[in-house]
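Chemist: Please read through the structure below; I'll follow up with questions.
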Amino acid sequence: MSPAAEAHVPLLQDRKPVRRGSVSGAVFNVSTSIIGAGIMSIPATLKVLGVIPAFVLIVIIALLADVSVEFLMRFTHSGESTTYSGVMRESFGQVGSVATQICVMITNLGCLIMYQIIIGDVLSGNGAAGVGHSGVLQEWFGVHWWNSRDIALLFTLIFIFLPLVLLRRVESLRFSSAISVLLAVVFVGISSAMAIYAIFEGKVNTPRLLPSLGKQTSFFDLFTAVPVIVTAFTFHFNVHPIGFELGKPSDMISAVRISLVLCAVIYFSIGLFGYLLFGDAIVADILVNFDRSSDSAMGAVLNDAVRLSYALHLMLVFPLLNFSLRVNLDELLFPQKPLLATDSRRFVLLTLGLLVFSYLAAIAFPNIWYIFQFLGSTSAVCLAFIFPGAIVLRDVHGISTRTDRIMATVMVVLAVVTSAVAISINVYNFFGNKS
């Protein structure tokens, strides 16, 4: 999209009179953008960090996310751009714009592939990586061709993903986003009920309040938990699409703050109750813990309910991430073309191309957890903290205060240091050099 075109309207709008979005719709869309695959790994961060440091880290990341969004919106309304990449173009030229578009594409495409992998695991199981498990469909109906991983994902793509990704306004997704948030609450509610029941049965171990350092966990391993929580609070790629459909800039700030509080409560709740439920046996993907056979029929039903509610939740998160991915890909490939909403042929081709590519990638690479972990240390942290901080420090509009510059500096330094340490530890562990 050209800068001239970009200055007139939001990302995907017709030239017809614009219907303004509602704050409630924005809250649901922002909350759905935040709560994605990251919720599954939050309990494992409590295992690494301990309950108190994990709670503090969740609060700090949420506060920094609020500050970074406020930076983005303030500099957006001080300039002429209506997109994240446009704001970066105003501050750092074409290099900044392209860097933002690439980070959005890497983060969102990686998440879309990951979501389909998780959905495939829940519905049809996964026999890869030496730890095979059956999916819900196979447990209920046995193994058949129609409930294989490929067919189950194809069915999901055609009948759930496709109708939702063809919607051209973010506000149109508010109802699916509301259901998505409700499903996340159901996921937390069932997990908490199971944990409370286990407490009364005396089947839980006392959780560690502080990290336990030893041969298995070093001080630097604690930094690997930071990218997980940063990724869990990375929604900045949808700030502009959602915000510019609202009537006032202050409405977006209010919606973001409500969403951050809601999501922080959900994250800490699932982290605490998941940790109480499974203790040190918890793994990076809590759904694997729920996969294990239960001692009772009711337990098996609850396990299936947790897994299915989460899979349905991810199905409804998918179109929101696809929205900003499609826009940034269009801006990168066709910068001089007219608005995407005015060219139905280009809109449909990009939409179908992204769906097919993410589907094939999810089928071809059924386990990309290490790649996802690296993304959290690189592109996600750039979008959430490094780029907004850099915009403030660059200050092309001359509106940064001394407090803004201090906050931006702290934000960038913390993001760079923790990401560098986390990447180093992940690479070290990945190649098996840890004794």
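Cβ coordinates come from backbone N, Cα and C, glycine included.
The domain 'Amino acid transporter transmembrane' annotation in TrEMBL covers 20-423. Look at TrEMBL and you will find 21-42, 48-69, 98-118, 151-167, 179-200, 220-239, 260-288, 308-327, 347-365, 371-394, 406-431 tagged as transmembrane segment.
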Chemist: Of the stretches 21-42, 179-200, 347-365, which racks up the most C-beta pairs under 8 Å with the transmembrane segment (220-239)?
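Modeler: When the Cβ pairs under 8 Å are tallied, 21-42 comes out ahead.
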Chemist: Near the transmembrane segment (48-69), which residues from the same chain, at least 6 beyond its ends, have a CB less than 8 A from one of its CBs?
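Modeler: 42, 207-212, 217, 221-222, 224-226, 229-230, 232-236, 239, 252-253, 256-257, 260-261, 263-264, 267-268, 271-272, 275, 384-385, 388-389, 407, 411, 414.
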Chemist: Mind checking which residues reach the transmembrane segment (347-365)? Cβ under 8 Å, same chain, six or more beyond either end.
Modeler: 109, 112-113, 116-117, 120, 149-150, 153-154, 157, 161-162, 165-166, 168, 322, 325-326, 329-330, 340-341
Chemist: Give me the stretch from 21-42, 151-167, 179-200 with the greatest number of Cβ pairs under 8 Å to the transmembrane segment (98-118).
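Modeler: Result: 21-42.
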Chemist: Can you name the far-off residues of the same chain, 6+ from the ends of the transmembrane segment (179-200), with a Cβ under 8 Å from a Cβ of it?
Modeler: 28, 31-32, 35, 39, 262, 266, 269-270, 272-274, 276-277, 299, 302, 305-306, 309-310, 312-313, 316-317
